Structure formats: C-alpha cells, structure tokens
Amino acid sequence: MAKGEWKRSGADDLPLPGRSECEVFDDGTNTFFWRAHTVTVLFILTCALVYVTLLEETPHDTAYNTKRGIVASILVFLCFGVTQAKDGPFTRPHPAYWRFWLCVSVVYELFLIFILFQTVHDGRQFMKYIDPKLGVPLPERGYGGNCLIYDPGHPTDPFHNIWDKMDGFVPAHFLGWYIKTLMIRDWWMCMIISVMFEFLEYSLEHQLPNFSECWWDHWIMDVLVCNGLGIYCGMKTLGWLSMKPYQWQGLWNIPTYKGKIKRIAFQFTPYSWVKFEWRPASNLRRWLAVLGIIFMFLLAELNTFYLKFVMWMPPEHYLVLFRLVFFVNVGGVAMREIYDFMDDPKFHKKLGQQAWIVAAITVTEFLIVVKYDPNTIMLPIPFFITQCWILGIALILVWTLWRFFIRDITLRYKETRRRRQEVSSERDGSSSAPSGRSKLNGSMDSVRHRKS
C-alpha cells in the first residue's frame, strides 16, 4: 500500500450483525514499536540466565534462593506469554500490555490454587514470605457508631460525622465506579450493581463489621455521590469515545510536532470503539448472561472484603491495592470478550481467554473464603433480610417465566390463531366465487329458454 494511503480496518470490512462499532481508518504503518520482538526477548532472557549461571555467586540462603527462584520462574513465564500468547480484543497502548496482564492472571490463579490447597494456618503463615508483617490477626475496629448528620453535642463542629467519612476511600469509590462504567458501558447495569451491593452490605453486616455503616453513608455518600458521580462521568466519557473519530496515522508520517505529541497521547485511547447493547430482555440467553455478569461482579466485590478478613490483610496493605489494579486491567478485556461471545456466538464460538481466567479467579477466591473461615459466612442471616431476598429472587423468577415462556407462548398462540383465521377467510372467499358464477349461469340459461 502506498505511503499515506488510508484504509478501513478489518473489523469494518466485515461488520458483524447487530454490532454498533465506529469506523476506523488506518494508514497501515507498522513500525518497530508494533513488532513482536520474540528473538530479542529470547536473546535478553538467555543472556540473563547465562550471567546468573556463570558469573553470579549463589548465596547460601535457602529462603532467599527459594524466593528468587520463584520470581525468576514467573518472569520467564511472563516473557514467554508477552511474546507468544494470543492477542485479545484490545490493542492500545500495545498488544503486549494486555498479553502481560493475561499472563499475570494465570500466575495469580495458580497462586490462589496453591493457597486453596493449604491448611488455614499454613496458608495464613505463608503470607509472611511475601510480607513479614502479614500472618497476624487483625485488630478489631469500631464501625457504624454515631450516625447523626448534624450532631448538636459537638457545637464546634456539628458535621464531624460527615468529615470523618471524607477519607481516601471517597476518591477510590469514585474512580472505581468510573472505571467500572467504562467496562460495562451501560448505565442501568452499573446502577443495579451499585444499589445491589449496598443491599448486600446491609444483609451481611452481621458477618463483616466494616459493612456496618450509617444509612446516609450507604445511600448518599456511596450510591449518589461517589458511585453516582463516577457512573455519570463514565457515561460522559463513553459518549465522547463513541463520537470520537478513529483515524490513525504513523508517527513519522505526521509533519508537525504538535501532531506527533497528540498522536502519542491518543496512543493510550482505544483503537476503535464498540457500543455495548446488552438488550437483556430480547431473549432468554442474553437475560441469563446479564444476570450472570451482575452476579460475578457482586461476588468479586464481596471477595475484596472477605479475602482481607480471612487472610488477615489490613485494608491499606499494598497487596489489596495490587489486586484492585489487577482487576482494573483485566476487567475491561473480560467484559469485551463476554459481550462478543454473547452478542455473536456464531463468530465467537468460545469464551475469551481473559474472561475465562477472570471467572476462575473469582470462583477460586470465594472458595478460599469458604475454606478459611466457614463459621463467618455461615452465620445465619436475619429472618426479615432472608424474606426480602426470597421475595426478590421470586420476582425475578416470575418475571423470567412470564417474559420468556408464558408471554412467548401466548404470542405464538395468538399468531397461530390469526393465521388460521386468515386461511379460513381465504377459503370462504374462494368457495363463494364459484357459487356466484353458477347462479349467474343458471339465470342466463333461464332467460334464453324463455326467449326461445
């Protein structure tokens, strides 16, 4: 292709049915940045191993050598995966970036499986190899407390209860729901997950003390302010991404420095954009898929709190932050693969690799919680809360039966009855036409007979 010639992307050359995808124009530039560099990575890896083998003296510290050997094994696996793993649906800022997080997902799942197969004591004490400060019970903290918005008992600062809630978790909630909105790309699903999680906190506050919050902290601070504002900003960003022109040109083909800087900045934006149209009420398959997505989202959210509790990790520990960063990077790819698999199963015949491993991670985390502290999760839920959940599940089942079975059967019956009526009316019309002709012929014969 000639230099500077624009072409449409392959995704637009073969549009998938029912897809809402923006048009992409690319000049086809394939620079050193985009190549796989498999030989280069293999050469660097070999040089590092040769250096460790021949030039570096191995220390006589069993614990240190064990840790270093495990880290080296993980790094070799990451090098292999980054260069050889299959590409996912995302290509920006670079396909290798998303291959890296796919391999990190595999490593994390293997780590969870290892923890799952340990005893409760050994699993908690194993965390000391990662951080010597871990492996000790968490101190008890007080939650809930005074829930007055305006406290007349503190005349100097009557709104102290509100200011006490203004900590680092407020921007974390906002940023988290902003990113979740970019993953899900649907306002209704985001709001349902946000409200449902608050109901879960209400229902499980007898198991985890940090779920015990004031009513205004649940519904005003969380749902309306933090989550709601994050969802609103996320939807505005989605609107901009859906309207943004996707025209890509090689960096060295851009004449001005301003254009080059702008091109570098846009490297961290999507290559193309697909608007998610979940349409859960369109058929039973999509309805069950959306319910499954909401369930897995809520389970992953609960795992965040329960894992900290059963593994004795304080909320401010860096491993908790690393887990959140991990899900931020793998969640978007997993949601895109789930949507592709659900929206066009004929083209995407199997669930994507990132979605598969994320689902396995979520289930494994929950199994660790079940094994390490079954007494906590088996604490009986209050009866009135159980009644509310039974009522909600019953309403979902009734609506599902009505929408996808009773309603469809009724519509099919009405359509069949209408067609039968049309067929019978056509038959009556066709039978009445010959009888009319015979009467007319009979009257003409009688007239001729009289004339004769």
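Even glycines carry a Cβ here, placed using N, Cα and C.
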Are ARG35 and PRO95 on the same side of the membrane in Swiss-Prot?
yes
Which residue counts does DSSP yield for the topological domain 'Cytoplasmic' (371-376) in the helix, strand and coil classes, in that order?
5 helix, 0 strand, 1 coil
Interface-richest range of 36-56, 70-90, 100-120, 287-307, 309-329 toward the transmembrane segment (350-370), CB pairs under 8 Å
100-120
Please work out which recorded stretch in 36-56, 287-307, 309-329 has the most C-beta pairs separated by under 8 angstroms from the transmembrane segment (100-120)?
309-329
Sort out the residues at least 6 away from either end of the transmembrane segment (309-329), same chain, that have Cβ-Cβ distances under 8 Å to it, and list them.
98, 101, 104-105, 108, 123-124, 127, 130-131, 134-138, 176, 179, 208, 210, 300, 358, 368-369, 372-373, 376
For the topological domain 'Lumenal' (330-349), find every same-chain residue at least 6 residues outside the stretch whose CB is under 8 Å from a CB in it, and list them.
16-19, 88-90, 98, 101-102, 104-105, 179-180, 182-185, 274, 276-278, 285-286, 289, 293, 355, 357-359
